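The next block holds one structure in the form of structure tokens; read it before the comments.
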Amino acid sequence: MQHIKHMRTAVRLARYALDHDETPVACIFVHTPTGQVMAYGMNDTNKSLTGVAHAEFMGIDQIKAMLGSRGVVDVFKDITLYVTVEPCIMCASALKQLDIGKVVFGCGNERFGGNGTVLSVNHDTCTLVPKNNSAAGYESIPGILRKEAIMLLRYFYVRQNERAPKPRSKSDRVLDKNTFPPMEWSKYLNEEAFIETFGDDYRTCFANKVDLSSNSVDWDLIDSHQDNIIQELEEQCKMFKFNVHKKSKV
């Protein structure tokens, strides 16, 4: 499944963020027609001390730098965003206004989720959207490598965060590797959309509120340091940019 392939890349980038003292939330922007990675982002709130420096905005800035503001509007309908954690309400609104094609995410955002957990910004009718966007929303697919995304967040929150306004006592921080909340598919998809997305073989996952994969977590993926991920992504983004310029000259 292409979704798993691309989400693995996003998870690797989130692990890199964790190793650099950032909240482990990361994303990649994939050009859907070609399957090429065109931009990436990870949270930068700790380093920048900027509350809006979310992974999605970091990637959007890369696309703007590459294509210009007008180019962003033209290309976003052909982009699939893979992000380890459900976009917050702010990011979900920005993605909708940019007319993004699709969002695929790992785990829900229990406090600020904008794709179904708290609000369904991607489907509401009040957010401003481009005039040519008759659908007034975007498709959102949850639960891809969900447990891996949850575990990276747990790794972060059991650490001492010096920038937290009220640091928790170390004795209160216990790493849980065994239990996970139910996967509430119905918050994001109805059963018909779920089956259309994942296939009838997974129908019972919807009813039983369980993950698509087995109960195991890919520990190798989330426990390995990802020192080369930035270089890999930079090379992929350069290749996409090269192909864009090559096409524009034809």
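Even glycines carry a Cβ here, placed using N, Cα and C.
Sequence annotations record features per position, and here Swiss-Prot assigns domain 'CMP/dCMP-type deaminase' to 1-119.
In the shown protein chains, 26 other C-beta atoms lie within 10 A of the C-beta of CYS91 (Zn(2+) binding site). Under the DSSP three-state reduction, CYS91 (Zn(2+) binding site) is assigned to helix. The annotation Zn(2+) binding site is assigned in Swiss-Prot to HIS54, CYS88, CYS91.
Counting every protein chain shown, the Cβ of GLU56 (active site, proton donor) has 25 other Cβ atoms within 10 Å. Here Swiss-Prot flags GLU56 as active site, proton donor, drawing on sequence analysis.
As a summary of secondary structure, the domain 'CMP/dCMP-type deaminase' (1-119) carries 55 helix, 29 strand, 35 coil according to DSSP.
Regional average pLDDT for the domain 'CMP/dCMP-type deaminase' (1-119) in the model is 95. If you take the C-beta of CYS88 (Zn(2+) binding site) and look for same-chain residues 6 or more apart in sequence within under 8 angstroms, you find HIS54, ASN109, PHE112, GLY113, GLY114.
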